[in-house]
Amino acid sequence: MGLMNRSKNDEYVKLLGAWPSPFVLRTRIALNLKNVAYEYLEEEDTLSSESVLNYNPVHKQIPILIHGNKPIRESLNIVMYVDETWLSGPPILPSDPFDRAVARFWDVYIDEHCFTSINGVAVAKGEENINAAIAKLEQCMALLEETFQECSKGRGFFGGENIGFIDIGFGSMLGPLTVLEKFTGVKFIHPENTPGLFHWADRFYAHEAVKPVMPDIEKLVQFARLKFNTSIFK
């Protein structure tokens, strides 16, 4: 069961998800930030789930937010919908059109480059390929460190004083990053190489909207061992 107050217009809110998914985590954090009460339904097999096939017949993927009888799909799309639908809590996206465009750009970058780089390390085979995948992920972290310094302007989050769109997009990847750090021995978020991200991650983990829904790292470790049959996870 989710948190907080009744939803807008007393319409029922339901979230279909799976606990290891960083994309599902995004939607849960956004709902918590906006103090939205919702029912969370764990979907163990999305490919055969009747609910998933019914509400997302095209991609057959989670997360799916159901507001009343309306399904909203894709994690970033859901986060934007939550921000625009519920005015309670801090805004997730900036009000300035340019700043909104910047935030959306970086979340797309996180999905297209950082998340794919995380998966690239996880599935890499052979020392040369593993090292190349690690180097690519380190480049992503270096660029996000620069982005944090620019967007935060000396404050605690990418979004300024509060968690924003980029925080949610990247923060949802912290669990998988930590799992990779455990198995590779590489610190992708390091106090010397990425000091801004290092301290940001502590603040993100501790946030009241985040802490209750972050997956347990040891459970993620076991999940990764089962999902990825590569030498990294042996």
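Placement of Cβ uses the backbone N, Cα and C atoms for every residue, glycine included.
According to Swiss-Prot, the protein carries these features:
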- 11-90: domain 'GST N-terminal' (DOMAIN)
- Ser21, Pro22, Leu47, Ser48, Gln61, Ile62, Glu74, Ser75: glutathione binding site (BINDING)
- 96-228: domain 'GST C-terminal' (DOMAIN)
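Projection of Swiss-Prot feature records onto the structure.
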residue	record	contacts (Cβ under 8 Å, 6+ apart)
Ser21	glutathione binding site	Ile62, Pro63
Pro22	glutathione binding site	Phe115, Ser172, Met173, Gly175, Pro176
Glu74	glutathione binding site	none
Ser75	glutathione binding site	Phe23, Val24, Arg26, Thr27, Pro63, Ser172
Note to self: Test of understanding: give the count of other CB atoms lying within 10 angstroms of the CB of Gln61 (glutathione binding site).
What the structure shows: 17
Notebook entry, point to check: Does DSSP give Pro22 (glutathione binding site) helix, strand or coil?
Noted result: helix
Check: Taking DSSP states H, G and I as helix and E and B as strand, how many residues of the domain 'GST C-terminal' (96-228) are helix, strand and coil?
Finding: 97 helix, 2 strand, 34 coil
Next item on the list: Kindly report the helix/strand/coil residue split of the domain 'GST N-terminal' (11-90) according to DSSP, in that order.
Entry: 29 helix, 18 strand, 33 coil
